[in-house]
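Student: Okay, these came from Swiss-Prot:
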TRANSMEM  4-24  transmembrane segment
TRANSMEM  38-58  transmembrane segment
TRANSMEM  68-88  transmembrane segment
TRANSMEM  101-121  transmembrane segment
TRANSMEM  137-157  transmembrane segment
TRANSMEM  175-195  transmembrane segment
TRANSMEM  214-234  transmembrane segment
TRANSMEM  259-279  transmembrane segment
TRANSMEM  290-310  transmembrane segment
TRANSMEM  323-343  transmembrane segment
Amino acid sequence: MSNAITMGIFWHLIGAASAACFYAPFKKVKKWSWETMWSVGGIVSWIILPWAISALLLPNFWAYYSSFSLSTLLPVFLFGAMWGIGNINYGLTMRYLGMSMGIGIAIGITLIVGTLMTPIINGNFDVLISTEGGRMTLLGVLVALIGVGIVTRAGQLKERKMGIKAEEFNLKKGLVLAVMCGIFSAGMSFAMNAAKPMHEAAAALGVDPLYVALPSYVVIMGGGAIINLGFCFIRLAKVKDLSLKADFSLAKSLIIHNVLLSTLGGLMWYLQFFFYAWGHAPIPAQYDYISWMLHMSFYVLCGGIVGLVLKEWNNAGRRPVTVLSLGCVVIIVAANIVGIGMAN
């Protein structure tokens with residue numbers, strides 16, 4: 001395995017670790033509605049940071065974006081909006097299925113759809129099947145899916161042992177939402193694929209290869225921001241128990257506390273895709289679809305590790321922890337299989 005591919009896998013791991021941890025600051029926010037908290041963090045992660053980073057990277061910010069036709073920008077934007085819909089469904093999936101089953105089904109579907117649909121859309125899936133390296137990477141995707149399933153099973157055992165139940169368990173409704181979440185969340189993978197002309201244009205302007213994907217986030221996350229912020233603002237306006245004015249009428253010190261924590265959560269959310277771009281850069285072009293598989297499987301891996309570090313599994317007993325550890329090992333093996341396949 002080449003050093004470049006190894007570093008690509010490493011940066012995907014760092015990005016996934018940030019994704020697994022980003023919600024921790026949000027949990028410390030006090031006396032704010034979820035909608036206000038999510039909006040403040042979202043403005044930072046989906047608007048301020050993508051625009052600021054792009055302004056630093058590009059020699060002429062406006063000239064870069066105005067150089068693209070609507071036919072180039074619109075698919076990127078719409079796939080970003082597609083991801084935004086999946087993002088909202090994610091929370092509802094947890095509500096009706098519980099954390100473990102919800103995450104397992106949603107992540108499993110988005111891993112498959114986001115990883116395999118890209119080469120199918122590009123018309124080169126047959127090349128993957130017909131080459132040794134391609135077959136190896138596809139095997140890695142299958143092993144990663146097995147690893148996600150094992151970690152999901154560990155979560156179910158933990159919830160059963162600790163008496164944790166879904167907020168409003170509804171299998172039929174939860175499964176529909178999980179499938180929708182999995183499919184729509186893959187929009188981020190499709191957006192990255194559609195944004196290749198933007199990456200190439202950034203490279204032509206002299207942007208470092210590690211950073212060429214970052215300017216496209218202005219458009220991708222702009223689509224996601226409209227969906228997420230629109231959802232939050234509509235609820236803040238329509239739901240009687242929610243009030244943006246009330247949330248910002250608290251003591252000044254508490255408002256500052258909440259804004260800082262929401263900003264930190266937004267920064268950590270953005271960093272997952274900052275490092276996703278770094279991890280994506282050294283991946284060979286014919287295997288760029290693998291980036292999504294690495295990100296999602298590492299997200300599950302890091303989520304399990306973070307849970308152990310935060311002692312969330314202390315009262316779960318030995319069996320759930322053993323199953324979790326097995327799942328984490330399987331995901332690590334999957335990453336190595338994919339790396340070897342890409343090296344071939």
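Every residue, even glycine, has its Cβ placed from backbone N, Cα and C.
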Student: Please work out which recorded stretch in 68-88, 137-157, 175-195, 214-234, 323-343 has the most C-beta pairs separated by under 8 angstroms from the transmembrane segment (101-121)?
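Tutor: Out of the listed stretches, 175-195 contacts the transmembrane segment (101-121) most.
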Student: Applying the under-8 angstroms CB criterion, which one of 38-58, 137-157, 175-195, 259-279 scores highest with the transmembrane segment (4-24)?
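Tutor: Per the Cβ count, the answer is 259-279.
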Student: Look at every Cβ pair spanning the transmembrane segment (175-195) and the transmembrane segment (137-157), keep those 6 or more apart in sequence, and say whether at least 3 of them are under 8 Å.
Tutor: no
Student: Grab the same-chain neighbours of the transmembrane segment (259-279) for me: Cβ-Cβ under 8 Å, and only residues 6 or more beyond its ends, written as numbers and ranges.
Tutor: 8-16, 18-19, 21-26, 28-29, 32, 37, 40-46, 49-50, 53, 188, 210-214, 217, 221, 291, 294-295
Student: Thinking of Cβ pairs under 8 Å, which stretch from 38-58, 68-88, 323-343 has the most of them with the transmembrane segment (137-157)?
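Tutor: The stretch with the most close Cβ contacts to the transmembrane segment (137-157) is 323-343.
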